[in-house]
Structures are given as structure tokens and as C-alpha cells.
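Sequence annotations record features per position, and here Swiss-Prot assigns heme b b562 binding site to His83, His182. The heme b b566 binding site annotation in Swiss-Prot covers His97, His196. Per Swiss-Prot, ubiquinone binding site is recorded for His201. Look at Swiss-Prot and you will find 33-53, 77-98, 113-133, 178-198, 226-246, 288-308, 320-340, 347-367 tagged as transmembrane segment.
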Amino acid sequence: MASLRKTHPLLKIVNDALIDLPAPANISVWWNFGSLLGLCLLTQILTGLFLAMHYTSDIATAFSSVAHICRDVNYGWLIRNFHANGASFFFICLYLHIGRGLYYGSYLYKETWNVGVVLFLLVMMTAFVGYVLPWGQMSFWGATVITNLLSAVPYVGDILVQWIWGGFSVDNATLTRFFAFHFLFPFIIAAMTILHFLFLHETGSNNPAGLNSDADKVSFHPYFSYKDLLGFVVMLLALSTLSLFSPNLLGDPDNFIPANPLVTPPHIKPEWYFLFAYAILRSIPNKLGGVLALLSSILILMLVPILHTSKQRGLTFRPLTQILFWVLVADVAILTWIGGMPVEHPFIIVGQVASVLYFALFLVIMPTTGWMENKALKWN
């Protein structure tokens, strides 16, 4: 008789996705980040739920409610540190996951990839509205600067900004709705993750060789379930270490000052994981142009499958494009650094060069190199 996990309508879905799933035998540690992102999402939802039990979304009490969580709630300080640093780990895993997809040509599963880009945008939106909630100086001014960008939209810009603010400035209505959005989005992300999963399981996983692996599959459990478990332990250990020993390392000291609309912080900047996009935004001396560049810096990922020119899938056997991939990684690192620097010489020009290179790599240099490699191999 077949076991219950293979016959029960609900358990059968779990079985086909996590137990008897045929997975390529040669997938490396770079394939761990999908499950790590799932763990991050679960951690964020759980810690966020406990924080929401004690938080008040009112400008008079928001800042002190966060202080109350850290001082008076049992292990509130730990929950808050896990939640704040969990966001950083979420983005670390996200960038590594996207980097893996770019390196090994996983983007050729177009539906999975595009749902992934939408997920990326949703996570960014969630992190942005979440950063506003403690109602510190950087929360307030970050919200003011970023929401103000919508005023660059022709004709309806100003109306749009006031509609999002719920008034004529970032105020109580803004904080309340941002809290509502921050609570809602993770559940939308969870639903989209299931969709991401669904599309992935239509095709099966890619692998480091970029070849069809139907002839060489192993079951997900126990092989990759234990491999993922090791990743969980490593990530939770790193997150715990950061949260317990240096919880404010990645935060901004200005956010320990309650929001004051009359005093602007000397340098308004977002959290580290948005700095590369912020640098691209700032490198264009035009409001609408900057906003379009900011959007394009993320949405360009959707063009990657269309711009794939090589006859090979991944970069495993393509040394020229490999170099360009690492140039892209270095370029994003430079943009991240520039995003945290003041707008002055030489940072302005470095940011502009790095921004041009970022788009050039995706749109021109990598597709051309892929085509050249085909020519060199006489695969035209």
C-alpha cells in the first residue's frame, strides 16, 4: 500500500515539492539561497508579528513604543534586533540568489525569473515602508525624500505624492498606512513565493553545467533537505552573532533621534541594501531622469533573458563573460559605497561612471561578448 504522503491530497503536494522532488545531483551551495530566503521570510513574519503586538502606529507614540519594546517587553530587544538584522540577511540572500541566477543562466526559465523580479520589488517596498515605522530622523526624512520622487511623474506627480502621504507632508496618516502596508506585503510575498515555486517545478532546477540533468537526478530528501539544513544553521548562527554582538552595526545612528520635521539630517541615505539603486538615482542631475534610472536599475533584470545571445546557458565555460560578471559585482559594490557618500567631488563622477557601466554591462557589453564567444567557437 502507498504511504499517506503519496496519497493524501495535501501531503502529496508537500511530498512532490520537498521529499520526492527529482533534483539535479550536481547543484552546488549556490542553490541553497532559495530555501534560505524562505527561512528569512518566515523569521521576518514571526518576529514582525510579535513586534506588531506592542507597536503603535501613531507619530506621538511610535518612537517610544519601539523603545518600550526594547526595554520592557520580554526579549523585545532580541526580537527587534532579529527583525532589523533579518532584513539585512534577507537582502544578502536575495542578492546572492539573483547573482547565482545571472551566473548560471537560470533566467532562461522566464516565468520563474520574472516572478522573482516582482518578488524582489515587493521585498524592497516592504523594507522601505518598514524602515519608516520606528519614526526616527532617518525614517522620517527617508520617507520624505523617496515618496517625493513620485512628484517627478508628469502632470499627476504632486497629486500622487499627496495621495500617498494622506496630507501635505509625511505625517500621522502616512505612518498609519505604511504600517498597514508593512503588515500586508509579507503575506503577498509568501503567496508570490508559492507562484515562484510553481513555475520552477514546471521545469525543474537548473544546474552548474547548464545541461539537461534528466539522466542524473536524486531525490530532494534526504540529500538536499540536509544540505539546506546546514545552510539554515550557518545563516541563523551569523544572524544571531550580528544581532547579539553588534546589533546596530548596519543601522543609522540618526534613527536614535525622534523624527523632527524642522531638522534635516546632514546626510539622508537609505539602509545599505538600497544604496546601489540610490547611487544610480543621484547620479542623474534631473528628477524624472533619476527616478527612471532607479526603476530601470531593477527592471533591467527582466530584459536579461531577452538579451541572452550565447549558445551556452551559464558562464561555467565562458571565461570572457565570467570576467564581465565579476566586473558587474564590483560595479554594484562601488555603487553601494558611493550611495553612502556625500554628493561632492570625486564621488559624483565615480557614481556616474559606475551607473553608466552598470547599464552598459547588461544592455551592450554582455550580449556582445556572448555573440563573440559563439563566433570564436564557430557556433554561429
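Every residue, even glycine, has its Cβ placed from backbone N, Cα and C.
Model, not experiment: these values are computed from the prediction.
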Residues sitting near the transmembrane segment (288-308): Cβ under 8 Å, six or more positions beyond its termini, same chain?
98, 102, 105, 107-108, 110, 113-114, 117, 120-121, 124, 149-150, 152-154, 276-278, 280-282, 355, 358-359, 362-363, 366-367, 370
Could you check whether the transmembrane segment (178-198) and the transmembrane segment (113-133) come into contact, where contact means at least 3 Cβ pairs under 8 Å with the two residues of each pair 6 or more apart in sequence?
yes
For His196 (heme b b566 binding site) and His182 (heme b b562 binding site), determine the Cα separation and express it in whole Å.
21
For the transmembrane segment (33-53), which partner among 77-98, 320-340, 347-367 gives the most CB pairs under 8 Å?
77-98
So which of 77-98, 113-133, 320-340, 347-367 has the most C-beta pairs under 8 Å when paired with the transmembrane segment (226-246)?
77-98
Where else in the chain does the transmembrane segment (347-367) make close Cβ contacts, counting only residues six or more beyond its ends and a cut-off under 8 Å?
279-280, 282-284, 293, 296-297, 300, 303-304, 307-309, 321, 324-325, 327-328, 331-332, 334-335, 338-339, 341
Note down the number of other Cβ atoms within 10 Å of the Cβ of His196 (heme b b566 binding site), including every protein chain shown.
21
Looking at the binding-site residues His83, His97, His182, whose Cα is closest in space to that of the residue listed as 'ubiquinone binding site'?
His97
